[in-house]
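J.: First the structure, then my questions, so here it is.
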Amino acid sequence: MLNPNLLRNHIEFVFKNLARRGFSLDVKQFTEMEKKRKILQTKVEELQSRHNTLSKHIGRIKLIHPNIQCMKERIITLKKKIDVMKKELKILLEQIHIFLMNIPNLPDINIPDGMGSDDNQEVSRWGIIKNYNFKIKNHVELGNHLNGFDWKSAANISGSRFFIMKGKIALLYRVLGQFMLDLHTNEHGYLETYVPCLVKTNNLYGTGQLPRFKTDLFYAKSLLDESQNNNNFALIPTAEVPLTNLFRDCILDEQQLPIMLVAKTPCFRSEALSYGRDTQGLIRTHQFDKVEIVQIVHPSDSMQKLEELTIHAERVLKLLKLPYRKTLLCTRDIGFSSSKTYDLEVWFPSQNVYREVSSCSNMLDFQARRIKARFHCNAQNKKIFIHTINGSGLAVGRTLAAILENYQQKDGRIKIPKILRNNYMNGLEFLE
């Protein structure tokens, strides 16, 4: 959520910056609500002051006017007016809150303007793209050849966009996630955290998935409590949700920053906005595993910490020796809560394209304001909002798909990345 005072005092600045990302701020609506809020708050304060004065001095007035019934009636009337206006003000404040919750974050001044992914700025490339002297296969064909996928059973059990893995491919999938966790905890200093996959929906408002992206979520209802709303719980689309909400309503000590957390969880997405795209394989599924890295940082450090976190995600790809490129997302391609985002895109030879395997974003204080997460700043001697940074480190399914394609052999075998062979795959060199 944006700072409400920024809208109150610099609404034209906010309007122009939001326009960069294609969002049209309704200045008239906000101005009218703010005008009404000021009037109501002033009236409530005036009436409350009169009520307090009369109540405070009623004993003294009683000595002057033995019959004080009229005074008591005035106090009762004032109290009723105050209650009515407070109720009206509460409704208005809720409307303003909903208005603010639907406004995306301001894009960083240094990211490129653009209309979509074609306008993203390539920052760097790493790795050597192989030349194959045979007809290459995609990851679905390769996995099927090794009897590692069971798409039919997955569809029978759960429907489309689900997968079942078996044997050595299932093993590789499992150890990939373990390798990522080990790297981030042992070398990068993150604290491994186990979190729920089912969360109350207020947590999704906190990180910014709600209210705008409600159709991209899977919801759950408890049949044990009929009073609960149908959408009271949801399956997490990313571990960013529970990890960030760990700091809801917290006031941290400045010395605690930065806080670095990592979690591997199943993630669930309806992919409602991706109908007809990547309907086969591991690229776009309703359920997938992802290792998420999150940092809770001091505002003065957040941009530098974004660079650091992105390097941590890149390290996974480098150790696996997977060719990738790093792109800086343009204004209309960044996520709702993000101010600046880097995408890491791994090479898929069967498609002759790079595909996203990680997004690393700086949310500034956007999420912190929504969850009321602050720290005590020693220099300013006051409580200010933290900054939140997060990224995929990495999406396990897409990483597996990239390994299958980039490490495929002419005879259909898959060479296992060297970093995984002895420590994770019991010395196995090939999937065959």
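Numbering starts at 1 and runs along the chain as it is shown here.
Placement of Cβ uses the backbone N, Cα and C atoms for every residue, glycine included.
This is the feature table in Swiss-Prot:
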BINDING   Thr238, Ala239, Glu240, Glu292, Ser392  L-serine binding site
BINDING   Arg269, Ser270, Glu271, Glu356, Val357, Ser358, Ser359  ATP binding site
J.: So which other residues, same chain and not among Thr238, Ala239, Glu240, Glu292, Ser392, have a Cβ within 8 Å of the centroid of the Cβ atoms at the L-serine site?
T.: Val241, Leu243, Ala263, Thr265, Cys267, Lys290, Val291, Ile293, Val294, Asn390, Gly391
J.: Would you kindly give the Cα-Cα distance separating Glu292 (L-serine binding site) and Ser358 (ATP binding site), rounded to the nearest Å?
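T.: Here the two Cα atoms are 9 Å apart.
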J.: Please report the three-state DSSP label of Val357 (ATP binding site).
T.: strand
J.: How many neighbouring Cβ atoms, not counting its own, are there within 10 Å of the Cβ of Arg269 (ATP binding site)?
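T.: Step by step: centre on the Cβ of Arg269 (ATP binding site), count other Cβ atoms within 10 Å, giving 22.
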J.: Around the Cβ of Ser358 (ATP binding site), how many other Cβ atoms lie within 10 Å? Please give the count over every shown protein chain.
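T.: Other Cβ atoms found within 10 Å: 29.
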J.: Return only the integer: C-alpha distance in Å from Val357 (ATP binding site) to Ser392 (L-serine binding site).
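T.: With the alpha carbons as reference points, the distance is 8 Å.
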J.: Sort Glu240 (L-serine binding site) into helix, strand or coil using the DSSP assignment.
T.: helix
J.: Among the binding-site residues Thr238, Ser270, Ser359, Ser392, which residue has its Cβ surrounded by the fewest other Cβ atoms within 10 Å?
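T.: Result for the binding-site residues Thr238, Ser270, Ser359, Ser392: minimum number of other Cβ atoms within 10 Å at Ser270.
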J.: Whose Cβ, among the binding-site residues Glu240, Glu271, Glu292, Glu356, has more other Cβ atoms within 10 Å than any of the rest?
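T.: The largest 10 Å Cβ neighbour count belongs to Glu292.
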J.: Rank aside, I only need the closest one: which of the binding-site residues Arg269, Glu271, Glu356, Ser359 has its C-alpha nearest to that of Glu292 (L-serine binding site)?
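T.: Of all the candidates listed, Ser359 is nearest in space.
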